[in-house]
Amino acid sequence: MSFDLQGFPADSEALASLAARGLDYRLVDPRNAAAAAAWVEADFRGFHHARPKQIELDHELGVIADRRVHGVYDSTIVDPAIPVATVSSWPTGLSVPGGRSVDAWAVSSVTVSPTHRRRGIARALMLAELQNARAAGAALAMLTATEATIYGRYGYAPAARSATVFVDRRRVHWVGPDAPGRVQFVDAASIREAAPAIARRAVARTPGEIDRWPGLLDRVLGLHDADSGRSRARRVVRYDDERGQAQGFAVFHVSREPNEPGVAEFDFLAAATDDAERALWRFLVEQDFVSGTRGLLRSVDEPLPWLLEDPRAVSFSDVVDHLWLRVIDPVTALTARRYSAPGRLEIEVDDPIGIAGGRFELVVDEAGRAEVTALEHTDAAASAKGVRSIRLGVRELGAIYLGGVHPSVLARAGRITELAPGSIAAADAMFAAQRAPHLSIWF
Ligand SMILES: CC(C)(COP(=O)(O)OP(=O)(O)OC[C@H]1O[C@@H](n2cnc3c(N)ncnc32)[C@H](O)[C@@H]1OP(=O)(O)O)[C@@H](O)C(=O)NCCC(=O)NCCS
């Protein structure tokens, strides 16, 4: 998805609504070092982070150079150069069932200063981002959320969950297959060149994962601030297959109190093959002088319990919503993914914000490929034609899109209506995903 991030002006509605409150909504030029640094300062403050060190600031400036960055400014405050609200966004790929990627619009850094909260600033920013997503030709907008109560009102819904996984070292006895390759320690800098290609293949295997940006890989490898204690604690291991080709890597550190066995905490895992995934997991859970291994943002459907003699060695906690999706263009979004059963289904989508509403016909062939058509108002209703059909809101469409929740669950919750008998069962079969959707990073 190539797109000129600075190529169109700040959204006129947000501009007008914020101007009416005496505020100035601006597109920030990330090449303007002073303005960009002030924006990063506000972003860090908004998330209650410590003020960035110069090296962190330099890293952040590199990251936002590839983003569309907006700030909201109040000329009446002591330091009017620091925005009172921030948001950044960029076009990027989202993996969908079937191994393809769909063009999506990632939204990040949504902050409003506590001095300016609850006067509609976030609302203006979020509505503008939906227009930006549309202008960029994205099929969906997406984000990760600090709190689950903020984004539903703009049409976003949780589409992929994540969990914390803890593996009790004392109970680990590996019974899974041996991987034919080998795992070895490597220097973080030495894997940086191979990392994007491995990460790209790992992302493509998992619906819900999004394209990694260069700054993210620098950060997880600890290269953005190599001398910090946190970076120096990180260790990197690589899995090479039997032909010596790198197929995955993991980054971890061991947190420990003096004289106590530590916990191996893994920070990042990218596996392009099942062998790589198994071998890296095995390395991580079989360490000595640790009481266990912990991974954050892991899949709710990890194969790990099936690789150990004692599946209770593995516990899942903090299972939460993680990736939130907002459908912008239903035809493109629904066409992009593959489906698990053939069939024909009409979908009536209600979108109170007026972006993705309408009636759509989804026809899936035996191979799981879809043809999607937007129907005219004058077309007879599906139920009248005897066709299976459902009615749902744009949030529910986002929730079922990757197969993270069955339509029948939302029907039981009164959030999807079946308009013809058998439609929910058909939707369940079609939308089911072979692999539970999963996003393993924050953005
Ligand atoms: C979340 C945040 C951006 C909201 O900004 P804001 O300008 O106060 O929000 P708005 O005034 O535009 O509120 C719009 C609506 O969202 C609701 N809302 C805003 N923040 C909310 C929150 N944290 N929890 C629940 N509802 C919230 C408001 O009540 C309002 O509801 P309405 O639609 O019924 O009128 C701000 O509180 C913030 O910066 N939080 C800390 C950083 C953060 O967590 N950012 C989110 C990153 S994912």
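The backbone N, Cα and C atoms fix where each Cβ goes, glycine too.
For Tyr151 (active site, proton donor), the same-chain residues 6+ apart in sequence whose C-beta sits under 8 angstroms from its C-beta are Met126, Leu143, Ala145, Trp324, Arg326. According to TrEMBL, the active site, proton donor annotation covers Tyr151.
Under DSSP, Phe443 (active site, proton acceptor) is assigned to coil, being neither helix nor strand in the three-state scheme. Look at TrEMBL and you will find Phe443 tagged as active site, proton acceptor.
As annotated by TrEMBL, acetyl-CoA binding site applies to Val110, Thr111, Val112, Arg118, Arg119, Gly120, Ile121, Ala122, Arg123, Thr146, Glu147. Annotation for Val110 (acetyl-CoA binding site): same-chain Cβ neighbours under 8 Å, separated by at least 6 residues, are Thr86, Val87, Ala122, Leu125, Met126, Leu143, Ile150. In three-state terms derived from DSSP, Val110 (acetyl-CoA binding site) belongs to an extended strand segment.
Marked as domain 'N-acetyltransferase' by TrEMBL: 23-180. When pLDDT values are averaged over the domain 'N-acetyltransferase' (23-180), the model yields 97.
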Distance [Cα-Cα, Å, rounded] between Ile121 (acetyl-CoA binding site) and Phe443 (active site, proton acceptor): 21
Of Val110, Val112, Arg123, Glu147, Tyr151, recorded positions neighbouring ligand 1, Cβ under 6 A: Val110, Val112, Arg123, Glu147
Winner by Cβ contact number (other Cβ atoms within 10 Å) across the binding-site residues Arg119, Arg123: Arg123
Cα proximity to Phe443 (active site, proton acceptor), best match among binding-site residues Val112, Arg119, Arg123: Val112
